[in-house]
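Read the structure below first, then the notes.
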C-alpha cells in the first residue's frame, strides 16, 4: 500500500482498526465468550443502527442532514406492528407497506427541501415532528404483533453467520454497485463535491436531492422493519436515539458532513464501532446510570469531529475564493 493510498483511506482505516480492537475486547469480556449466539445478538442490535445510518448517509452525501431519520424509523416500526401479523401474501404486502412508508416519508422530505428550497435541517426537523405525531397517534403505547416465523428468519443465523450480517452484506453490495457504476451514484458524489460543477455537467440538483432523500427514507423503512423483527412490537418513542446515533455513526465511519466523501463500508464500520462501544460499556462493570453519560460523550465527540471537518472544508473554499 502506497503512502498516497494510505492517506486517501485514512478516514476508513482508523475506525476499522478501532472496531477490530474493541470487538475483540468485547468478545473477551463477554461472559459467554465467542459463540454464534453472542455474535448474533450483537449483530442484530448493530444492524438496527446500520440501516438507520444508511438513511442518514445518502442525505449527507448531497450536503444535507436529516433530523427525521428517527421519526421515520419509528413510524415504519409502528406501521409494521399493524401489518406484519398475517401470513402468506398479506405478510409480504405488509413488508411492502412498511418499506413504502419510509420511502414516502423520504420522498416528502426531498420535495420539501429541493422544491420548497428549505434548508434540510429545518425541513426535516419539521417533517420529523409530523412523522412522530402520526406514529404516536397510531400507537400511543407500545404494542402490536409481528409474525414470529418471519422474525425468527430475520434474526437467527444461517449456520454460524447471523442473518442480520447477511442482510447488511447484501445491502452494501447493492449500494457499492449503485454508487460506483450508475449515473445516479456518481451524481450524488458530484453534488456533494461541488454543486456548481455538478450543475454545469447537466446533473439536476433538485431531482437528485429528492432521490437521495427518498433512498434515505427507504433505508429508514428497512430500519423500522428490522426493529419490528427484533422487538416483535411497535413503539412510537424509539425515534430520537436513531437520529443522533445515525449522525455519529457516519462521522465515525469517515463520511464528511460537508458531503461528497465516504462510502457504504464506512457507514457499516461506523455503526458497528458505535454499537460495540455501547455493548462493551454494558459488560465493563460501569454503573448503569453512568453508561448514558459516556454514550452521550462519544456521540458529542463524533459530531464535533464531523463539524470540525466541515469547518476545515469551508475555510479552504473561502481561501480558494480569495
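Glycine is treated like the rest: Cβ placed from N, Cα and C.
Packing against the transmembrane segment (12-29) from elsewhere in the chain are residues 6, 38, 42, 252-254, 263, 265-266, 269-270, 272-273, 276-277, 279-280, 283-284: each is 6 or more residues past its ends and has a CB under 8 Å from a CB in it. For 12-29 (among others), the entry in TrEMBL reads transmembrane segment.
Per TrEMBL, the feature transmembrane segment maps to 41-62 (among others).
The transmembrane segment annotation in TrEMBL covers 69-85 (among others). Residues of the same chain lying 6 or more positions beyond the ends of the transmembrane segment (69-85) and with a Cβ under 8 Å from any Cβ of it are 52, 55-56, 91, 93-95, 97-99, 101-102, 105-106, 127-132, 134-135, 138-139, 143-147, 150, 216-217, 220-221, 223-225, 227-228, 231, 233-244, 246.
The transmembrane segment feature in TrEMBL is assigned to 91-114 (among others).
Long-range contacts of the transmembrane segment (121-138) within the same chain, counting only residues at least 6 positions beyond its ends with a Cβ under 8 Å from a Cβ of the stretch, are 59, 65-72, 74-75, 77-79, 82, 105, 108-109, 112-113, 236-237, 239, 243. Annotation source TrEMBL lists transmembrane segment at 121-138 (among others).
TrEMBL lists 158-179 (among others) with the feature transmembrane segment. Remote same-chain partners of the transmembrane segment (158-179), defined as residues 6 or more beyond its termini with a Cβ less than 8 Å from a stretch Cβ, comprise 36, 39-40, 43-44, 46-47, 50-51, 54, 185-186, 188-189, 222, 226, 263-265, 268.
Per TrEMBL, the feature transmembrane segment maps to 210-229 (among others).
If you look up TrEMBL, you'll see 292-311 (among others) marked as transmembrane segment.
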